[in-house]
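Participant: So that we are looking at the same thing, I have put the structure below in structure tokens.
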Amino acid sequence: MTSPGRGPEVSLWFPGDWVGGEARTSDVDTAARPSRVPTNHGKPMLRQGDTGDWIGTFLGHKGAVWGATLNKDATKAATAAADFTAKVWDGVSGDELITLAHKHIVKSVDFTKDSNYLLTGGQDKLLRIYDLSKPEAEPQIVSGHTSGIKKALWSSDDTQILSADDKTVRLWDRNTLTEVKAINVAMSVSSMEYVPEGEIIVITYGRTIAFHSAETLEQIKSFEAPATINSASLHPEKECLVAGGEDFKLYKYDYNSGEELESYKGHFGPIHCVRFSPDGELYASGSEDGTLRLWQTTVGKTYGLWKCVIPEELGSENSDSIYSTTPEVKA
């Protein structure tokens, strides 16, 4: 699920329940899906995760949408917008369920695993925790940031909160709402991803892609890219990572060695977000060029739009020789 702010695609999200490219839902048989928000339209869209096909559009915001997310089973969506609201939507019908008024631009939204609570953060420097069973009640407030919050995420089975402002990443205790630790980085944080497998957070700032423990904020390792990076995503098996930024390029690195495996252009503008699907078979990238593109992690497998072909003349003699086409998908 993605959102644009002042330019296209500044966030991207896949739901957590994803098996073989499909969301496991009891009410709807659709593929796991990110959404896309076209520039300044304030209209988040759901798209099928393995093909990019349009599913539906959420109508209701009156300003640019800066953040978007789906709950674990993709039955609910939440959005954060410049109209000083966060909204919760029915992920199947597209109906608006709840509007949560804020005092400034909202940049980030995140559901707990059970979908009962929503975490928000934005330009007023405050974290808010809403009980979605009592949306009219005042939210719990967490204060401590000294500049606008860019990203806020639940972590450690929803017992902790991670949040990032301009040059600071903070870790909070969910029960006491107190700060556990804070780290400062050299440049403005451009993205933060939480990887529950291994409790890792991926932080990008400047040309740096840094990996920290989500439980302690201790740094694990970091890589330097050739250009300013706006977003990075770690493969679920921690085999590799992908990153994109201001030079229009996507970079793939070996997570263990830091070796650059590939770099290539497909977009015609800066890349603002990248994200692996939960099964690791593909990753999506969103750019200022107004497109959302899907990329196969391992070229040569039948998956989604990618169809493998065994040439007839090689089929019987060399069944291991498989060729794949990799169609370009534009949102």
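Backbone N, Cα and C atoms are what each Cβ position is placed from, and that goes for glycine too.
Keep in mind that what you see is a predicted model, and the values were worked out from it rather than measured.
Got these off TrEMBL a minute ago, pasting:
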type   : residues : note
REGION : 24-47    : region 'Disordered'
REPEAT : 58-99    : repeat 'WD'
REPEAT : 99-140   : repeat 'WD'
REPEAT : 142-182  : repeat 'WD'
REPEAT : 264-305  : repeat 'WD'
Participant: Averaged over the whole of the repeat 'WD' (264-305), what is the pLDDT?
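Facilitator: Result for the repeat 'WD' (264-305): average pLDDT 89.
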Participant: Give me the DSSP three-state residue breakdown of the repeat 'WD' (99-140), ordered helix, strand, coil.
Facilitator: 0 helix, 21 strand, 21 coil
